[in-house]
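Down below is the structure, laid out as structure tokens.
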Amino acid sequence: MDRVMGNPQPEISRKCVWSLLAALLITLLVGLPQARAQAILEGERFHPVQGTQGMVATSHTLATEIALEVLENGGNAVDAAVTAGFALAVTQPRSGNIGGGGFMLYAPGDGGAPEAIDYRETAPAGATETMFQNADGEVVQQRSRFSHQAAGVPGTVAGLSLALERHGTISLEQALAPAIKLAREGFEVPRRFTEGLEQARERLERWPATKATFYNADGSAPQPGSVFRQPELADTLQRIADQGPKGFYEGETARLIVEEMQRHDGLITLEDLQTYQPAIREPVHGTYRGHDIYSMSPPSSGGTHIVQILNILEHYPIAELGHNSAATVHRMAEAMKLAYADRAKYLGDTDFVDVPVTGLTSKGYAAALQATIDPDRARPSSEISAGNPAPWESNETTHFSIVDRWGNAVSNTYTINFSYGSGITVAGAGFLLNNEMDDFSAKPGVPNAYGLIGGEANKIEPGKRMLSSMSPTIVRKDGRNYLVTGSPGGSRIITTTLQVLMNVIDHNMNIQSAVSAPRMHHQWLPDEIRMEQGFSPDTIELLEGLGHKVSISRAMGAIQSVLIGEDGTLYGGADPRRSTSAAMGY
Ligand code: DON
């Protein structure tokens with residue numbers, strides 16, 4: 001295990017200096033030819049949406065339209081993002097939320113320092129390290145995933161409000177108005193909405209408030225084309241519009257949350273809600289072939305490992321090796337294994353544990369790791385069994401990317417963890433609670449729903465944020481915002497985002513091609529490359545020949561991206577993996 005993880009502590013050595021020089025040389029030799037214009041449209045199979053003044057990519061057409069309207073009316077990217085965040089809580093309740101949390105990355109168009117707003121959920125004060133273990137020390141998944149104890153203290157309302165306060169130009173009331181209207185007057189149900197509720201029926205109808213909120217009186221799911229209204233949610237949102245975040249963390253809504261908890265052995269108290277605080281964090285920063293990569297810092301593992309993997313891959317002429325060729329996929333898989341092994345050991349909430357982010361993201365450490373990769377052989381991940389990985393394939397988080405006419409960029413990923421989170425609706429308040437507590441390590445070495453292993457660094461502690469993989473990312477080129485991206489997908493978020501970065505930077509794809517291209521994933525444990533459909537049998541055979549186990553999986557991630565061309569043209573790429581995804585610009 002240790003051998004695979006290596007030592008990420010920063011170490012100034014001669015070897016490190018040499019690898020830095022080598023990386024610089026490689027960047028100069030291989031990177032520069034890649035620096036040509038991105039938006040190659042003629043002769044391509046996929047075409048991004050184009051605009052000049054503003055661009056929005058979200059996973060729901062209505063949210064995209066509403067956010068674009070904010071931009072057209074003179075609002076900035078943060079105004080549009082906060083408005084979209086609240087709108088998605090209405091139109092896409094399986095992941096859009098006010099009962100969960102997430103991360104927003106903001107990079108001003110004037111080249112000022114990017115900033116991350118961390119509104120991840122926290123463990124309630126009553127949480128304990130072994131709360132999800134039974135008397136025999138076995139993890140009880142039912143409790144960590146589908147009970148009131150699964151819910152962390154929600155951060156979304158505080159996070160979106162803080163973003164608006166710091167960088168917005170419209171009031172919270174204005175940002176909430178479209179969401180309140182959609183909740184009160186209803187919206188036309190897309191097929192995907194109906195399908196989601198049918199798929200999750202068993203899990204959701206157990207809870208009377210969830211059944212009453214999301215299903216018709218006769219128990220059927222709202223049908224495509226019908227109008228779906230959420231009056232209780234409208235009232236809950238109105239209280240936030242009237243009173244600010246206090247309209248959620250105190251007063252009527254807080255009372256309803258706490259009563260819900262008390263009826264079912266839940267842990268969240270009034271004090272947990274009143275004391276919840278979002279945090280301003282410095283994003284993780286790295287470079288890749290002359291581009292500046294900014295992504296989410298702990299308590300997400302996303303940015304750290306995206307930069308770590310890119311640092312390793314920078315040593316290879318990826319463009320020459322070819323997109324999705326066996327040679328490229330092999331190197332990517334080996335680098336991913338190393339990163340996910342480190343994730344399991346080192347990553348957690350930096351308010352509680354020391355995380356060696358500097359070391360993990362250093363070029364020197366990457367050079368040392370890269371030196372251990374055999375180009376001709378897959379290294380077995382470990383002797384440790386991965387347990388029972390990712391049984392919840394229909395999980396859903398949601399990401400949106402927005403750029404305004406001033407070049408300001410917002411990259412936001414938020415979630416209630418699984419599709420529909422815990423499945424529990426706060427009675428009387430009309431919104432679903434997250435089941436984010438499952439992202440903690442319930443017991444060292446026992447995988448969570450995404451097959452991710454953790455230990456000491458990610459153990460449950462009161463007030464602590466559970467480790468995430470969410471990776472809102474912004475790339476700058478020559479000091480200006482260039483690529484805004486991010487994805488849902490649990491453990492696959494990191495690798496999904498990574499591949500869009502590589503598709504643009506290494507393979508020079510336009511943003512829609514980069515988003516649409518088939519993806520692969522390796523997370524150390526289980527020891528297999530997951531691949532979407534679209535890789536050739538020859539490639540798979542070559543990879544198997546190197547010793548990889550390959551499994552063909554369902555589609556991974558739903559990445560929503562915006563790219564800013566050299567002439568300022570905006571290109572939107574919405575992920576076809578979600579039928580409701582939409583990019584729109586003007
Ligand atoms: O924070 C995390 O990493 C997870 N709770 C995200 C869950 C997710 O992306 C689900 N779906 N696609």
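Note that Cβ sites are derived from N, Cα and C of the backbone, with glycine treated the same way.
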Further binder of L-glutamate named by TrEMBL next to R120, T415, I416, N417, S468, S469, G490, taken from the candidates D376, D439, D506, D527: D439
I416 (L-glutamate binding site) to T397 (active site, nucleophile) - Cα separation in whole Å: 7
Pairwise Cα distance for S468 (L-glutamate binding site)/T397 (active site, nucleophile) [Å, integer]: 12
Reduced DSSP assignment, S468 (L-glutamate binding site): strand
Protein Cβ atoms within 10 Å of N417 (L-glutamate binding site), excluding its own: 33
Integer Å distance between the CA atoms belonging to N417 (L-glutamate binding site) and T397 (active site, nucleophile): 6
In three-state DSSP terms, the structure that I416 (L-glutamate binding site) belongs to: coil
Shell list (L-glutamate; ref centroid = CB of R120, T415, I416, N417, D439, S468, S469, G490; cutoff 8 A): G100, G101, G102, T397, N434, E436, M466, M470
